[in-house]
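The following features are taken from Swiss-Prot:
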- 1-15: topological domain 'Extracellular' (TOPO_DOM)
- 16-36: transmembrane segment (TRANSMEM)
- 37-48: topological domain 'Cytoplasmic' (TOPO_DOM)
- 49-69: transmembrane segment (TRANSMEM)
- 70-82: topological domain 'Extracellular' (TOPO_DOM)
- 83-103: transmembrane segment (TRANSMEM)
- 104-122: topological domain 'Cytoplasmic' (TOPO_DOM)
- 123-143: transmembrane segment (TRANSMEM)
- 144-168: topological domain 'Extracellular' (TOPO_DOM)
- 169-189: transmembrane segment (TRANSMEM)
- 190-199: topological domain 'Cytoplasmic' (TOPO_DOM)
- 200-220: transmembrane segment (TRANSMEM)
- 221-238: topological domain 'Extracellular' (TOPO_DOM)
- 239-259: transmembrane segment (TRANSMEM)
- 260-301: topological domain 'Cytoplasmic' (TOPO_DOM)
Amino acid sequence: MEKETKSLAWPATAEFYGWVFIFSSIQLCTMVLLTVRFNSFKVGREYAVFTFAGMSFNCFLLPIKMGLLSGHWSLPRDFCAILLYIDDFSIYFSSWSLVFMAIERINHFCYSTPLLNENSKALAKVCFPIVWIISGVQALQMLNNYKATALQNETPQCFLAFLRSGYDMWLMLVYSVMIPVMLVFIYIYSKNFMLLKDELSTVTTYLCIYLLLGTIAHLPKAGLSEIESDKIFYGLRDIFMALPVLKVYYIPVMAYCMACDDHTVPVRLCSIWLVNLCKKCFSCTRREKESDLEVGIKMLK
């Protein structure tokens, strides 16, 4: 019975991954276009680029996961470990890039232009090696946990790389959400006297939203890992496994919100597109009416 449940559940999860890939690719391309093309993109642009790059790797791994979960592909465990490392590294890399982008945004509020340029250069020299090293070490720890689990399990199927344990989800929640947010909150507290009320509320709002979404994505799988979800509710295990995929949506949105000064660009672009579409529709109907009138005049003549 358990085998039948698994065989029915994996194709549904694979289909969900496919839809997530389609919509997340469209969203990621839209966020990059809005950030680079239609905004000033002056504050933290390097960190925004690194965040989008990390999430693009994570997004384009979704079709591979889809093929593995559906059973169409079969890969050795070592290659699964490589995919798992890239997946985790991209998440941590994007999360820590967001941290330094938030610090850059706070410095933009606190300092004048000469001091801001000096602090930005110093921060860029320090942050990129830190981001690479921390992300690599954190992803390596997750990889070691997977190898230990894979050795104890006799199933040679590659989707074991994507069945995360509750302990792994706790680590991901702490490493990619809790610690980065707490560090930025500490930095805000140290610069509290230099920030205006509106600026402080803007940054703290973004951090709280990121903390909430990250907790929603990782906490159910981490907290309910010991429960046999197949016996409680059919498909609950797949929901828990699919929730962490939400990061491909909220991390690019947070990068866009922190990197761009004008957040009304999407609204204005949609309004312009709708106005142009209405103009074209009205012009076409007007031409059709004029052509019918001309035909009627010719018939009368």
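First residue shown is number 1, and so on along the chain.
Yeah, the Cβs are placed from backbone N, Cα and C, and that goes for glycine too.
Non-local neighbours of the transmembrane segment (16-36) in the same chain are 48, 52, 55-56, 59-60, 62-63, 65-66, 69, 238, 242, 245, 248-249, 252-253, 255-256, 259-260, 265-266, 269; each lies 6+ residues outside the stretch with a CB under 8 Å from one of its CB atoms.
When the stretches 83-103, 123-143, 200-220, 239-259 are ranked by Cβ pairs under 8 Å to the transmembrane segment (49-69), first place goes to 83-103. Predicted-model confidence for the topological domain 'Cytoplasmic' (104-122) is 67, expressed as mean pLDDT. Highlighted: of the candidate stretches 123-143, 169-189, 200-220, 123-143 has the greatest count of Cβ pairs under 8 Å to the transmembrane segment (83-103). Looking at which of 123-143, 200-220, 239-259 has the most CB pairs under 8 Å to the transmembrane segment (169-189), the answer is the stretch 200-220. Beyond the transmembrane segment (200-220), the same-chain residues lying 6 or more positions past its ends with a Cβ under 8 Å from any Cβ of the stretch are 98, 102, 105-106, 109, 169-170, 172-173, 176-178, 181, 184-185, 188, 192, 239-240, 243-247, 250, 254, 257-258. Secondary structure by DSSP for the topological domain 'Extracellular' (70-82): 7 helix, 0 strand, 6 coil.
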